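A.B. asks: Let me give you the structure first, and then I'll get to my questions.
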Amino acid sequence: MERKLGTDRVKRGMAQMQKGGVIMDVVNSEQAKIAEQAGAVAVMALERVPSDIRAAGGVARMANPSLVEEIIQSVSIPVMAKARIGHIVEARVLESLGVDYIDESEVLTPADEVFHLNKSDYTVPFVCGCRDLGEAARRIGEGAAMLRTKGEPGTGNIVEAVRHIREVQAQVNKVVHMSKDELMTEAKNLGAPYEILLQIKENGRLPVVNFAAGGVATPADAALMMELGADGVFVGSGIFKSHHPEKFARAIVQATTYFDDYERIAEVSKDLGEAMTGIDVHSLAADQRMQERGW
């Protein structure tokens, strides 16, 4: 049967609609409803949040289709779900379930250590993680409609997300000020498609939205990432590992929307209880660093 493929323009346009918003990880329909009521622009359906995936170890896979369907039916906002890097069938199954976006995610155990998915071959838009412009451009070249920093998921530590957003921004600025003659050499240095770098130079920015993810644990963290130029925020473990998830979720949304209103951020941050326990990323062994997955 011939598949109908969404165009890059349509997929990127769908992702643009989430700009300025918060996307929350949820593991059941109750959490999905809390996220929607708090003002999330979308939810990410998965069986365990990144901190629990990290603690459990073993192989992390796509969520059970029954759970994904339950969450889709429980909310009116878009629903995303994660597939393992390079796992063609997980992605096809999620597409068949009717998810609005697929996250080809390093949070799950990669299925393929050589190839990422050919995301242009799907109707549903994809979101992918990146640490630098080389990774960002390769994922866009494969058809990703939305990017996010990798950060270091499940740590509650924002330092890696900050590093990644700053690195991408600096490299984008460098490309914008290059001559076209220099772009091919830069494409070689970055391992990036020349056509994507040309789009960046001509538009003055990435051709897709780039959200912050990986370590957002407080309203101030969310506001910081927006201040640094992120187009929106993914929050994984931070909300439902906090003492007051409903209040915490609303505070994250407010801080993301009004990221430069520091009095408002101070107000919404009051009486939230203790944030999730964090992990010093420098204490992680190399095989525990999820951001290293993919290329």
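Each residue, glycine too, has its Cβ placed from N, Cα and C.
Checked Swiss-Prot, it gives:
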BINDING   Asp25, Gly154, Gly215, Gly236, Ser237  D-ribose 5-phosphate binding site
ACT_SITE  Lys82  active site, schiff-base intermediate with D-ribose 5-phosphate
BINDING   Arg166  D-glyceraldehyde 3-phosphate binding site
A.B. asks: Expressed to the nearest Å, what is the distance separating the residue listed as 'active site, schiff-base intermediate with D-ribose 5-phosphate' and Gly236 (D-ribose 5-phosphate binding site) at their Cα atoms?
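C.D. replies: One finds 12 Å between the Cα atoms of these residues.
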A.B. asks: Tell me, how many other CB atoms lie within 10 A of the CB of Gly215 (D-ribose 5-phosphate binding site), whichever protein chain they belong to?
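C.D. replies: Gly215 (D-ribose 5-phosphate binding site): 31 neighbouring Cβ atoms within 10 Å.
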A.B. asks: Between Gly215 (D-ribose 5-phosphate binding site) and the residue listed as 'D-glyceraldehyde 3-phosphate binding site', how many Å separate their Cα atoms?
C.D. replies: 15
A.B. asks: If you measure Asp25 (D-ribose 5-phosphate binding site) to Arg166 (D-glyceraldehyde 3-phosphate binding site) at Cα, how many Å is it?
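C.D. replies: Each residue's Cα considered, Asp25 (D-ribose 5-phosphate binding site) and Arg166 (D-glyceraldehyde 3-phosphate binding site) end up 24 Å apart.
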